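This report refers to the structure that appears directly beneath it.
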Amino acid sequence: MILSRRMIGSLAMTWLPFADAASETLPLRQLLRLSLFQVSVGMAQVLLLGTLNRVMILELGVPALVVAAMISIPVLVAPFRAILGHRSDTYRSALGWKRVPYLWFGSLWQMGGLALMPFSLILLSGDQTMGPAWAGEAFAGVAFLMAGVGMHMTQTAGLALAADRATEETRPQVVALLYVMFLIGMGISAVIVGWLLRDFDQITLIRVVQGCGAMTLVLNVIALWKQEVMRPMTKAEREAPRQSFREAWGLLAAETGALRLLATVMVGTLAFSMQDVLLEPYGGQVLGLKVGQTTWLTAGWAFGALVGFIWSARRLSQGAVAHRVAARGLLVGIVAFTAVLFSPLFGSKVLFFASAMGIGLGSGMFGIATLTVAMMVVVRGASGIALGAWGAAQATAAGLAVFIGGATRDLVAHAAAAGYLGSLHSPALGYTVVYVTEIGLLFITLAVLGPLVRPGSLFPKKPEAGEARIGLAEFPT
């Protein structure tokens, strides 16, 4: 049998990963192009939370407290994602666009923040010949604020646009693809930026960070080009009263179980994320792992999360109830954190590595299941406020978790060193308090999640067998 070029092309498109995410309203080519905005957000995420963190502390000699304050600025902006989503839902223009203007201005904010950032960091390091002494802190704060606002605005509007164009059947697969593109953006950016900054100097820092800002604008323009249909509006339509944020939030809160779902996501994210900055130090300080060995902990966590993603997607495709899958993820997390506490007692490095994988497995199961439910919350056909509220809850909880986890460990360690805790002065004490707290939060999350399984709550029924596919209901920021 001779295959024509058209048949071969159609087969190739069918065999592509996430080919089932395409639909008549959002073809695969347009979906792949739209997903480029996630690459730019992933790139900014790597810069703000990873590369520039190291550069400020090691190469520029900025105090760690100042670095922590700067990095926390994008997290402080996260709660406003719900407002940004609502504004994009109710935005009116002569062209009829709702999402594209927010994508565009979010791109400008993000690019502007990255353009200003290298100069402000150089000032922050003390390399200043004129001007007020506080100029470095002020300009660095403005740069991080601009980049943070741009990231949140771009991501919220982009996800809402994808949700608008996708069908009910393909929406989870669409958001799953966007999540994968976010990870790809982070991975590629980390490798390229790290390679470019291997021989560090101030000129190289300026070129790399501003180059990322320029790439942000290029990627996002390609992503948003001809993605939203123009629906011209008359002057009377544009001047008609708009729904207020309070009214929209009231409608969202009126959805059965919506606020409980957000509370579940916040507490669960807090429980799983407090250990993010402590896992590797715990392995090194308590179990005596070398630097090369501790890096495998993060790899094990990521592998566990991937297994949790695949297993949960398979269970959902077989008709499992999403809330019960989430509960199983919480139980796995409880067992994993308990194993972390027992690993130094047995002196078992193998148990500790298995615990790291278990934490990833539990968080993956919990995240996929709850996010599958979140995408179904649509208020009067507007998905922006729901997506914004979801992103605000998740991002805020993750940021608070990192701060609370690190602060708790340091406070307990200092109290023990000062003798306030009597004979309790083990190096593992501060970490133990954090892990026990996380176990308690996981039990609280189970209690909050329980009523959602009842009939009448969000997504109480089982999907038909074979109906669910591998996909995310929302993007975990």
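Yeah, the Cβs are placed from backbone N, Cα and C, and that goes for glycine too.
The annotation transmembrane segment is assigned in Swiss-Prot to 31-51 (among others) on the grounds of sequence analysis.
Taken from Swiss-Prot, the feature transmembrane segment covers 60-80 (among others).
According to Swiss-Prot, the transmembrane segment annotation covers 103-123 (among others), on the basis of sequence analysis.
Here the transmembrane segment (130-150) has Cβ contacts under 8 Å with residues 44, 47-48, 66, 70-71, 73-77, 106-114, 116-117, 119-121, 123-124, 216 of the same chain, all six or more residues outside its ends. Under the heading transmembrane segment, Swiss-Prot lists 130-150 (among others), citing sequence analysis as support.
According to Swiss-Prot, the transmembrane segment annotation covers 177-197 (among others).
Residues annotated as transmembrane segment in Swiss-Prot, with sequence analysis given as evidence: 205-225 (among others).
According to Swiss-Prot, the transmembrane segment annotation covers 248-268 (among others).
Per Swiss-Prot, transmembrane segment is recorded for 291-311 (among others), and the stated evidence type is sequence analysis.
According to Swiss-Prot, the feature transmembrane segment maps to 334-354 (among others), an assignment based on sequence analysis. Sequence-distant neighbours of the transmembrane segment (334-354) (same chain, 6+ residues past either end, Cβ-Cβ under 8 Å): 275, 282-283, 286-287, 289, 293, 296-297, 300, 361-362, 428, 432, 435-436, 438-439, 442-443.
Summarising the annotation, Swiss-Prot assigns transmembrane segment to 359-379 (among others).
Per Swiss-Prot, transmembrane segment is recorded for 384-404 (among others).
Taken from Swiss-Prot, the feature transmembrane segment applies to 433-453 (among others), supported by sequence analysis.
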Same-chain residues near the transmembrane segment (433-453), Cβ under 8 Å, at least 6 residues beyond its ends: 257, 260-261, 263-264, 267-268, 270-272, 274-275, 278, 321, 323-324, 326-327, 330-331, 333-334, 337-338, 340-341, 373, 405, 408-409, 412, 460
For the transmembrane segment (205-225), sequence-distant contacts whose Cβ falls under 8 Å of one of its Cβ atoms, 6 or more beyond its ends: 33-37, 39-40, 43-44, 47, 52, 55, 100, 103-104, 106-108, 110-115, 117-119, 121-122, 150, 154, 158, 161, 189, 193, 196-197
